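Features reported for this protein in TrEMBL:
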- K18, S177, D178, T217, G218, G219, M220, A221, S222, K223: ATP binding site (BINDING)
- S58, D145, N157: substrate binding site (BINDING)
- 280-359: domain 'PUA' (DOMAIN)
Amino acid sequence: MLGSTRESIASAHSIVVKIGSSALTSLVAGLDTHRLDLLADAIEARMRAGSDVVVVSSGAVGAGLAPLGLTKRPRDLATKQAAASVGQLALAHAWGTSFARYGRTVGQVLLTADDIARRTQHRNAQRTLDRLRALHAVAIVNENDTVATTELRFGDNDRLAALVAHLVGADALILLSDVDGLYDGDPRKGDATLIPEVNSPEDLDGVVAGSGGALGTGGMASKLSAARLAADSGVPVLLAAASDAAQALSGADVGTAFAPRPTRLSARRFWVRHAADTSGDLHLDEGAVRAVVSKRRSLLSAGIVGVSGDFHAGDVVSLMGPGEKPVARGVVAFDAAEIEEILGRSTTDLPADMQRPVVHADDLVAL
Ligand SMILES: Nc1ncnc2c1ncn2[C@@H]1O[C@H](COP(=O)(O)OP(=O)(O)O)[C@@H](O)[C@H]1O
Ligand SMILES: N[C@@H](CCC(=O)OP(=O)(O)O)C(=O)O
């Protein structure tokens with residue numbers, strides 16, 4: 001199975017390559033154009049071998065610090081956004097200059113979480129990326145940091161990269177970082193062993209995914225959840241060191257390979273699980289949690305003990321188990337005010353026009 005994961009990454013026709021801040025920038029030197037050139041060399045080689053590549057490049061905040069006289073990664077959003085606006089210009093310019101060595105044009109694509117969550121923008125972004133590919137240009141994607149209204153809406157670019165892989169229907173996602181793969185513990189904290197292959201969630205038992213470096217955002221936890229997200233959409237993932245980019249992109253046996261799930265989630269359930277914002281919560285009793293999580297049944301009004309948020313039929317809501325634990329997400333079939341009226345009641349006791357599941361099994365994804 002895993003041999004085939006590496007084989008499918010090696011032979012992938014459409015690839016998303018995500019490059020972390022730590023691979024492109026440092027606090028002292030800012031943007032490292034030499035390292036960026038080596039990455040562009042490896043990407044160009046893969047494109048010349050016949051693959052389409054979309055680049056998700058972090059590093060805007062890191063590249064913007066020195067020009068603004070800042071010596072550490074800012075904590076507040078406004079300074080981060082100011083740094084990103086300065087750094088993004090430098091970053092995009094550096095990618096453009098680097099690929100120009102090969103006569104290759106780049107296009108900058110800045111996305112917000114909404115662009116992925118809302119279906120109309122989703123399609124616009126998809127069309128732009130597709131047309132850039134058709135015109136043999138390389139898309140350089142980053143979060144649109146300066147308009148992200150709350151602290152990094154995607155959370156981090158690992159998640160953005162996995163969503164972009166889904167968006168463009170990629171066959172592989174390659175995450176390049178300053179670490180050469182997943183270890184069973186944070187390698188900066190002493191003895192840790194590299195895990196070459198992750199085939200199932202059990203392979204992650206006991207793994208401690210720690211925080212990132214001085215310039216990174218999500219650390220290993222965000223890479224693991226991005227790998228899970230990509231796996232759900234059927235995309236295999238390779239996590240490797242940016243310094244091994246040439247090997248990673250040419251199919252060498254480096255880093256950690258994550259197998260995709262055998263059957264990918266439908267586009268609708270993928271959207272419910274990963275892309276949509278939730279508008280409220282339904283609180284479930286133990287029996288309802290068992291029904292929706294273990295038995296994959298629809299959620300009925302009888303198992304709901306509470307409702308919060310002001311949502312409408314058609315919105316995505318979180319399903320919370322006892323102890324406020326999120327157990328699933330789904331598209332709700334009633335407004336919040338209607339659910340207040342029917343919660344705890346059996347479906348057959350409801351008026352005829354309300355006798356339907358609150359969340360249908362087809363619209364529900366366990367977490
Ligand atoms: N279990 C682990 N395996 C590998 N690296 C880990 C682990 N836990 C924490 N890390 C740290 O995560 C860092 C990579 O995350 P981050 O700095 O966010 O990277 P990037 O900038 O590439 O997104 C590595 O430098 C490493 O020290
Ligand atoms: N949009 C931000 C990305 C921050 C981010 O996710 O960084 P990383 O964890 O290094 O991928 C930037 O360009 O600085």
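From the backbone N, Cα and C atoms, a Cβ is placed for every residue, glycine too.
Just so it is clear, the model here is predicted, and its values are computed rather than measured.
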Cα-proximity to G218 (ATP binding site), 10 Å cut-off, over binding-site residues S58, D145, N157: N157
Among K18, D178, G218, M220, the binding-site residues whose C-beta sits under 6 Å from ligand 1: D178, G218, M220
Rounded to the nearest Å - Cα separation of S58 (substrate binding site) and K18 (ATP binding site): 8
Entry from the binding-site residues list K18, D145, M220, S222 having the most other CB atoms no farther than 10 A: K18
Lowest local Cβ density (other Cβ within 10 Å) among binding-site residues: S58, N157, D178: D178
Around the Cβ of G218 (ATP binding site), the count of other Cβ atoms that are within 10 Å: 22
Largest separation between Cα atoms (Å) of residues that the record links to substrate, namely S58, D145, N157: 11
DSSP-derived structure type at D178 (ATP binding site), helix or strand or else coil: coil
